[in-house]
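Enquirer: Here it is, the structure, as structure tokens.
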Amino acid sequence: MKALLALGFLASWVAAGEHALRGECPADPLPCQELCTGDESCPQGHKCCSTGCGHACRGDIEGGRDGQCPRILVGLCIVQCMMDENCQSGERCCKSGCGRFCIPGLQPLQQLKDSNLTDGFNSKLEAQAP
């Protein structure tokens, strides 16, 4: 029975090896590291947060595009981009714990002044003014 089990394992290992590519996998661009020791060790406006396997400063990526990164992808260690330029137009490369994702940037409320809701509200205020 053990020999049959070992033979089955060996056959599956050989079959899996047939699909493997040559070469080595690249190093993880964001390995688990202690990149900060507290909020005071981070740039202004950033916090020292757990990545699940270390700590890193979290906040906007300096020098990036307009808009803020939403905080919905925490805990996923997938690196889809390294900087905003790796993303499509209108998207930001946002940190998420130990990963980075391309997602549309959130605009601050002041920048939403062209929306229909704001225009309608301003029209009502102007009509009520003496």
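Note that Cβ sites are derived from N, Cα and C of the backbone, with glycine treated the same way.
The shown structure was predicted, so the numbers you read here are calculated from the model rather than taken from an experiment.
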Enquirer: Return the single candidate from Cys69, Cys77, Cys98, Cys102 listed in Swiss-Prot as disulfide-linked to Cys87.
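Expert: Candidates were Cys69, Cys77, Cys98, Cys102; Swiss-Prot matches Cys87 with Cys102.
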Enquirer: Which of these links to Cys93 by a disulfide bond in Swiss-Prot: Cys77, Cys81?
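Expert: Disulfide mapping in Swiss-Prot sends Cys93 to Cys81.
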Enquirer: Using all protein chains in view, find how many other C-beta atoms are within 10 Å of the C-beta of Cys49 (disulfide bond).
Expert: 18
Enquirer: Within 10 Å of Cys57 (disulfide bond) (Cα to Cα), which of the disulfide-bonded residues Cys48, Cys49, Cys81 do you find?
Expert: Cys48, Cys49
Enquirer: Can you give me the Cα-Cα distance between Cys48 (disulfide bond) and Cys42 (disulfide bond) in Å, rounded to a whole number?
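Expert: Distance between the two Cα atoms comes out at 6 Å.
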